[in-house]
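Peer 1: Below is a structure I'd like to ask you about.
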Amino acid sequence: MNKKPVMLMILDGFGITNHEDGNAVKMANKPNFDKLLREYPHTQLKASGLNVGLPEGQMGNSEVGHLNIGSGRVIYQELTRITKDINDGVFFENTEINYAIDEAIKNNSSLHLLGLLSDGGVHSHIDHLKAILKLAKDKGLNRVYVHAFLDGRDVPPSSAKEYIINIENYMKELSVGQIATLAGRYYAMDRDKRWERVELAYNALVYGTGELSNSAVEAIEKSYKDNTTDEFVLPTVILKDGKPTGTIKDEDSIIFFNFRPDRARQITRALNDKDFDGFERKRLKLNFITMTQYDKTIENVRIAYKPQSYKNTLGEYVSSLGLNQLRIAETEKYAHVTFFFNGGVETPNKGEDRALIPSPKVATYDLKPEMSAFEVKDEVINRIESNKYDMIILNFANPDMVGHTGVFDAAKTAIEVVDKCVGEISDKILEKEGTVFITADHGNSEQMIDYSTGKPMTAHTTNEVPFVYVSKDAKDKRLKSEGILADIAPTMLTEMGVKIPEEMTGRNLIEGK
């Protein structure tokens with residue numbers, strides 16, 4: 001039986017811009033791609049920032065791109081997910097955050113807010129702390145203590161004073177909250193089982209012992225005088241009327257507002273694990289909330305933002321329908337069309353074949369801009385001829401990997417090589433009465449120079465990417481505008497004539513279908 005395969009061809013790093021300077025995509029001789037654009041419906045997709053779950057204005061990347069494409073929904077990074085909820089007001093209804101505050105009110109106890117005090121956005125964000133403080137204020141809780149871990153890595157090394165002043169001003173405005181302790185992340189956020197460091201942070205939090213200071217600003221100024229930058233500030237207890245401002249006690253509530261797990265695990269274990277043996281410590285009965293899941297094995301904690309489920313990704317769903325699929329790429333992008341495309345799952349789905357074509361062994365890809373594109377093309381044509389596959393996902397690495405070298409002529413050659421492959425593969429799919437959707441995961445080689453300096457640019461871009469619908473039946477159809485990467489999977493399923501699963505929040509882009 002001759003199958004009518006539906007293929008997605010991802011031209012990695014192939015973005016669109018009208019700028020001609022440094023635009024390898026525009027300057028390349030690509031008769032096949034240009035012909036497909038003339039003859040078939042096409043549109044542009046947003047592939048950066050909030051449209052792919054990244055912070056506003058942040059360029060896309062291959063991991064995030066393939067995650068969004070393969071899952072058929074916008075996958076929000078934890079930072080963006082929480083910030084979006086705060087902006088939408090949803091955060092203030094979070095069950096676990098509210099539980100922590102309500103328990104403190106019920107028990108007439110204190111709420112302690114632990115976390116990295118900066119806007120670095122890698123482990124935490126000061127705006128998330130502010131949102132919790134606001135909710136505590138709105139619910140009428142007064143005993144709220146901030147235990148500020150100081151950054152100096154994801155932000156400048158001596159910037160903690162600004163963040164301390166910022167949060168103290170905010171708390172003054174709210175009339176809720178006081179800084180109870182400070183500790184450099186070197187101590188409070190160790191991840192290498194150097195328990196002697198964590199113990200110093202623990203002692204400040206629970207026993208109120210360590211360095212002593214009458215104010216947070218005074219403590220940080222003293223550290224700067226001693227040439228100690230933020231990361232290495234010794235755990236310091238802030239005194240009020242000569243006593244620790246607020247130590248952690250039985251029945252207290254804690255919200256650890258770091259969203260990245262790796263450096264939050266150890267201090268969380270010290271405060272919660274029943275059989276903790278990193279150092280001697282008294283065990284407390286706490287209502288402990290972690291912003292995200294730090295580790296499945298940590299005991300006695302509740303999680304404000306549980307791991308996102310990627311149920312019914314494109315690959316999983318197609319497999320559940322009993323259909324066969326192929327994933328094919330060269331080494332550089334193989335993980336992207338398999339692991340990331342499947343929502344971070346390593347194991348192939350039932351009926352999912354994988355073809356890995358080795359990438360060439362060269363120092364940099366400008367030395368061989370064709371990479372292994374021709375080998376990928378030959379292999380996929382053989383696989384199409386087998387009539388086995390209902391769906392094929394293919395990635396050409398060249399526009400991205402050669403784009404990263406910053407060598408314009410090499411990037412131009414890379415595009416021209418890929419264009420030859422696009423032509424041959426499209427012809428073969430059309431011969432089988434199938435469909436090819438051509439797209440990219442993010443931009444890169446369409447901007448090879450920094451417009452402000454004129455120097456080579458090697459990074460990804462925030463530009464839109466193409467989406468071309470190639471099929472014998474497509475010529476009289478139209479594609480909707482304003483699409484995003486998450487719309488690709490629903491569009492492919494529509495073309496395959498199957499229902500879109502409810503977990504996919506992307507939309508079908510084919511007008512009238």
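Cβ coordinates are placed from backbone N, Cα and C, and glycine is handled just like the others.
Just lifted these from Swiss-Prot, have a look:
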| type | residues | note |
| --- | --- | --- |
| BINDING | Asp12, Ser62, Asp441, His442 | Mn(2+) 2 binding site |
| ACT_SITE | Ser62 | active site, phosphoserine intermediate |
| BINDING | His123, Arg153, Asp154, Arg185, Arg191, Arg260, Pro261, Asp262, Arg263, Lys333 | substrate binding site |
| BINDING | Asp400, His404, His460 | Mn(2+) 1 binding site |
Peer 1: Whole-number Å only: compute the distance from the Cα of His460 (Mn(2+) 1 binding site) to the Cα of His123 (substrate binding site).
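Peer 2: Per the Cα atoms, His460 (Mn(2+) 1 binding site) and His123 (substrate binding site) stand 23 Å apart.
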Peer 1: For Ser62 (Mn(2+) 2 binding site), find which of the binding-site residues Asp154, Asp400, His404 come within 10 Å, Cα to Cα.
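Peer 2: Within 10 Å of Ser62 (Mn(2+) 2 binding site): Asp400.
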Peer 1: Could you tally the C-beta atoms, other than its own, that fall within 10 angstroms of the C-beta of His442 (Mn(2+) 2 binding site)?
Peer 2: 26
Peer 1: Judged by the number of other CB atoms within 10 angstroms, which among Asp12, Asp154, Asp400, Asp441 is the least packed of the binding-site residues?
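Peer 2: Counting other Cβ atoms within 10 Å of each of the binding-site residues Asp12, Asp154, Asp400, Asp441 gives the minimum at Asp154.
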Peer 1: Once the chains shown are all counted, how many other Cβ atoms turn up within 10 Å of the Cβ of Arg191 (substrate binding site)?
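Peer 2: Around Arg191 (substrate binding site), other Cβ atoms within 10 Å: 12.
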Peer 1: Determine, using Cα-Cα distances only, which of these binding-site residues is closest to His442 (Mn(2+) 2 binding site): Arg191, Pro261, Asp400, His404.
Peer 2: Asp400
Peer 1: Where Arg191 (substrate binding site) and His404 (Mn(2+) 1 binding site) are concerned, what is their Cα separation in Å, rounded?
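Peer 2: Here the two Cα atoms are 32 Å apart.
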Peer 1: Once Asp400, His404, His460 are set aside, which residues in the chain still have Cβ within 8 Å of the Cβ centroid of the Mn(2+) 1 site?
Peer 2: Asp12, Gly13, Ser62, Pro399, Met401, Gly403, His442, Asn444, Ser445, Thr458, Ala459
Peer 1: If I take the alpha carbons of Pro261 (substrate binding site) and Asp441 (Mn(2+) 2 binding site), what is the distance between them in whole Å?
Peer 2: 27
Peer 1: For Arg263 (substrate binding site), what is the tally of other C-beta atoms lying within 10 angstroms of its C-beta?
Peer 2: 20
Peer 1: Which of His123, His404, His460 has the fewest nearby Cβ atoms, counting only those within 10 Å, among these binding-site residues?
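Peer 2: The binding-site residues His123, His404, His460 were compared, and His404 has the fewest Cβ atoms within 10 Å.
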Peer 1: Based on the record's binding annotation for substrate (His123, Arg153, Asp154, Arg185, Arg191, Arg260, Pro261, Asp262, Arg263, Lys333), what whole-number value in Å is the widest Cα to Cα distance?
Peer 2: 35
Peer 1: Checking your reading of the structure: which of the binding-site residues His123, Asp154, Arg263, Asp400 lie inside a 10 Å Cα sphere centred on Asp12 (Mn(2+) 2 binding site)?
Peer 2: Asp400
Peer 1: Rank aside, I only need the closest one: which of the binding-site residues Asp400, His404, Asp441 has its C-alpha nearest to that of Asp154 (substrate binding site)?
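Peer 2: Answer for the nearest of the binding-site residues: His404.
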Peer 1: Say we define neighbours as other CB atoms within 10 Å of the CB. Which of the binding-site residues Ser62, Pro261 has the fewest?
Peer 2: Pro261
